[in-house]
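*Asks:* The feature active site, proton acceptor is assigned by Swiss-Prot to Lys67, with sequence analysis given as support. The shikimate binding site annotation in Swiss-Prot covers Ser16, Leu17, Ser18, Thr63, Asn88, Asp103. For Asp79, Gly128, Ala129, Gly130, Gly131, Ala132, Gly243, the entry in Swiss-Prot reads NADP(+) binding site.
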Amino acid sequence: MPVSRYAVFGHPVAHSLSPAIHTEFGKQTGIALDYTAIDAPLEDFSAALQRFADEGGKGANVTLPLKEAAYALASSLSDRARLAGAVNTLVRNDGQWQGDNTDGAGLVRDLTERQGLDLRGRRVLLLGAGGAARGVAPALLEAGITAMVVVNRSPERADALCDALGEPARVTSRYIEDLRELGDFELIVNATAAGRDRDAGAFALPLGLVNSLTAAVDLNYGDTAIAFLAWARAAQCRYAIDGLGMLVEQAAESFALWHGVRPDTDPVYAALRAREAVLVSAD
């Protein structure tokens, strides 16, 4: 029986844990697959994806900085991908790529089921407005948060995200210079790559953003999450959570789309958490 081919596309992508995660999912479910990492700069992504399809690729994950490009290349889109304006999962069907976004479902599943958080009624600060932020914002709204404030270094992108979400009563954008005026939040989500340079000062955020219930969540993991989580602990956030659980859960969502079966994420998460020192950055 031929082995089906899958891949994760990104730039850079050598650090990605997705090949290890999907290989373990395959072993667990008895599904034979070949899953590799393919480095593709933005300008080469379309051609690289076409080569992958020509060579028999059945599905792909997409990480930074290609999620919005994947959205544009998909022939059809799921509702959640359309709302996000970004794609992290591609399914090959009848010679066409179908785009989906499992990031938000992965984040909410990790926060509610693994971390035990009730997201209902929380006021949320979302840092960033790129593909990662777009992927999680709709799912957070669906989970029952009260309000979301989007802050991004480029205000135009924050405005565009808010417009796309279409819930002006719950979602607003503010300038990064306004952080001290925003009050406190029960959930602060870092959807930026500002920690990639390991700059401890990258997250000199006002302490007034934090209250006694605040959960601070970085969508990154490993070294890239260190600066934000260090701020969260110094600010005495009740929870400081990295993106490893989200990574595993969104991968399980993608796996289910491709294979029709959802794997058990707990053993894979536990194994990766035990290797935490070697983790680098987020998918």
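From the backbone N, Cα and C atoms, a Cβ is placed for every residue, glycine too.
Situate these features within the shown structure.
*Replies:* Long-range C-beta contacts of Lys67 (active site, proton acceptor), restricted to its own chain and to partners at least six residues apart, with a cutoff below 8 Å, comprise Ala86, Val87, Asn88, Asn101, Gly130, Gly131, Ala132, Arg134, Gly135.
Close to Asp103 (shikimate binding site) in the fold, though at least 6 residues off in sequence, lie Ala84, Ala86, Asn88, Ala132, Gly135, Val136, Ala139, Leu219, Met246, Gln250, each with a CB less than 8 Å from its CB.
The Cβ of Ala129 (NADP(+) binding site) lies under 8 Å from the Cβ of Val150, Asn152, Ser154, Arg157, Ala158, Ala160, Leu161, Ser173, Ala191, each of which sits 6+ residues away along the same chain.
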*Asks:* Can you tell me whether DSSP puts Asn88 (shikimate binding site) in helix, strand or coil?
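*Replies:* SS state of Asn88 (shikimate binding site) = coil.
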*Asks:* Report the largest Cα to Cα distance, in Å and rounded to a whole number, among the residues Ser16, Leu17, Ser18, Thr63, Asn88, Asp103 that the record lists as binding shikimate.
*Replies:* 15
*Asks:* Looking at the binding-site residues Asp79, Gly128, Gly243, whose Cα is closest in space to that of Thr63 (shikimate binding site)?
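*Replies:* That would be Gly243, nearest by Cα distance.
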*Asks:* When you tally the Cβ atoms that lie within 10 Å of each candidate's Cβ, which of the binding-site residues (Ser16, Ser18, Asn88) has the highest tally?
*Replies:* Asn88
*Asks:* In sequence order, which residues at least six apart in the same chain have a CB under 8 Å from the CB of Gly128 (NADP(+) binding site)?
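*Replies:* Once residues fewer than 6 apart are set aside, Gly128 (NADP(+) binding site) is near Asn152, Asn190, Ala191, Thr192.
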*Asks:* Fill in the CA-CA distance, Asp79 (NADP(+) binding site) to Ser18 (shikimate binding site), as an integer in Å.
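*Replies:* Rounded to the nearest whole number, the Cα-Cα distance is 24 Å.
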